[in-house]
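Asks: Pasting a structure below so you can have a look.
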Amino acid sequence: MSAAAAARKRGRSASGAGAGAGAGAGKRRRKSQADSAGEKGKSKGGGKMNEEISSDSESESLAPRRTEEEEEEELEETAQEKKLRLAKLYLEQLRQQEEEKAEAQAFEEDQVAGRLKEDVLEQRGRLQKSVAKEIQAPAPADIQVLRGHQLSITCVVITPDDSAIFSAAKDCTIIKWSVESRRKLHVIPRAKKGVEGQPPGHGSHILCMAISSDGKYLASGDRSKLIFIWEAQSCRHLYTFTGHRDAVSGLAFRRGTHQLYSTSHDRSVKVWNVAENSYVETLFGHQDSVAALDALSRECCVTAGGRDGTVRVWKIPEESQLVFYGHQGSIDSIQLINEEHMVSGADDGSVALWGLSKKRPLALQREAHGLRGEPGLEQPFWVSSVAALLNTDLVATGSHSSCVRLWQCGEGFRRLDPLCDIPLVGFINSLKFSTSGDFLVAGVGQEHRLGRWWRIKEARNSVCIIPLRRAPRPPTAGS
């Protein structure tokens, strides 16, 4: 073997050994790296375990700190939110209060405006409240009957506060009744002729009564041409007015005053001042006996002229009169509805509505209570009494047709429509609505108040209190 070949062989073996050594070193390096990586992994794994253990311990120690901080933050936020909430609540309360004040003010303004409007309409005589359609016919068992007079009731009046009723009759007595207890409060007995020392009283049929708007004075008139003035509370006699030359048939106080108007079968109308116990003046104009009289706030009165067939409006300051025609028979009853309208009844069976601006009736209801008598000889039932609930559309009429009839006045008082009948046997000689409109009082007798043309034996001389219940109003939309 040559030296060159041996050198190449040695070189290959040396390089192979170097390579082997290098490979071994590389393996050792990779192993050491793997070991170091394993150790690092182990250390990392141990670190994780230590971290987890330490984190638990740290969480136990650090958790309260974080909770306190969070609580502080929450407390700070809650206080701010509370301030904001309270501010919003306060503003909302202010808004609600302002709205309530505005609503109350608007309601008060509406009430004041409505009241002023009513006052203006009342002064002008155009106020017409709609109540008739709400009235329900009472059951016969609900009618209260007060017995105390021996003869036919001729007139009734109600005190302004609706607490008491005064009734007078052909037996010459006056009885004061309690509306609540239905019992007698006082009796003014008949004055017997020729007996000295007896208390003052009427000695003949009492035909009419009136009570002042403040409830202080009661006036009564009889067939003996006398007018008695009583203290309404105690029924004590105060004065006696004389001057009429025939039976006193109508009395009325001017509302808000103590001025008294009286009328008589002597065809005159007289004016008195009760507070001063004085006579004022006399007015003439009717051509026959005057049957009834009424008055309200104005310084005027209205009269029913009986057989002269006229209704007259007396203007006291001017000493003038307006004359109205419409009935064909004797006009026996009259009542003011408001300052400009009135209702009257006659023995021809008709009921009329009047306006002061027209000389003829605005509405005329003939045969208002039907007909009586044999076929072919029928005659209308006389209308012996009328009543009107002040400033409304409700009217009542009485006859001897065994019922009281309620009517509704149409718009503008140009129509009269029947509502219902209330059964009552006898002559309905007087009708009066209470101030509140809660009840109607009827004076019932066996005979007509002005005569003895018929006698109904089955009738009872009594005062009847008729309740007027109103139907509930339907609920409004949105209520």
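Residue positions begin at 1 at the first shown residue.
Positions of Cβ are set from backbone N, Cα and C atoms, glycine also.
Got these off TrEMBL a minute ago, pasting:
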COMPBIAS  69-78  compositional bias 'Acidic residues'
REGION    1-79  region 'Disordered'
REPEAT    146-187  repeat 'WD'
REPEAT    199-240  repeat 'WD'
REPEAT    241-282  repeat 'WD'
REPEAT    283-324  repeat 'WD'
REPEAT    324-364  repeat 'WD'
Asks: Same chain only, please: residues at least 6 beyond the ends of the repeat 'WD' (324-364) with a C-beta under 8 Å from a C-beta of the stretch. Say none if there are none.
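Replies: Long-range Cβ neighbours of the repeat 'WD' (324-364): 122-128, 291-298, 302-307, 309-313, 370-371, 379-388, 390-392, 395, 397, 399, 407, 409-410, 412-416, 450.
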Asks: Other than its close neighbours in sequence, what residues sit by the repeat 'WD' (199-240), given a CB gap under 8 Å and a spacing of at least six beyond its ends?
Replies: 154-161, 166, 168-170, 172-174, 176, 186, 188-193, 246-253, 255-258, 260, 262, 264, 272, 274, 277, 292-293, 449-450
Asks: How does the repeat 'WD' (146-187) divide up by DSSP, counting helix, then strand, then coil residues?
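Replies: With helix first, then strand, then coil, the repeat 'WD' (146-187) has 0 helix, 22 strand, 20 coil.
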Asks: Please list the DSSP helix, strand and coil residue counts for the repeat 'WD' (324-364).
Replies: 0 helix, 21 strand, 20 coil
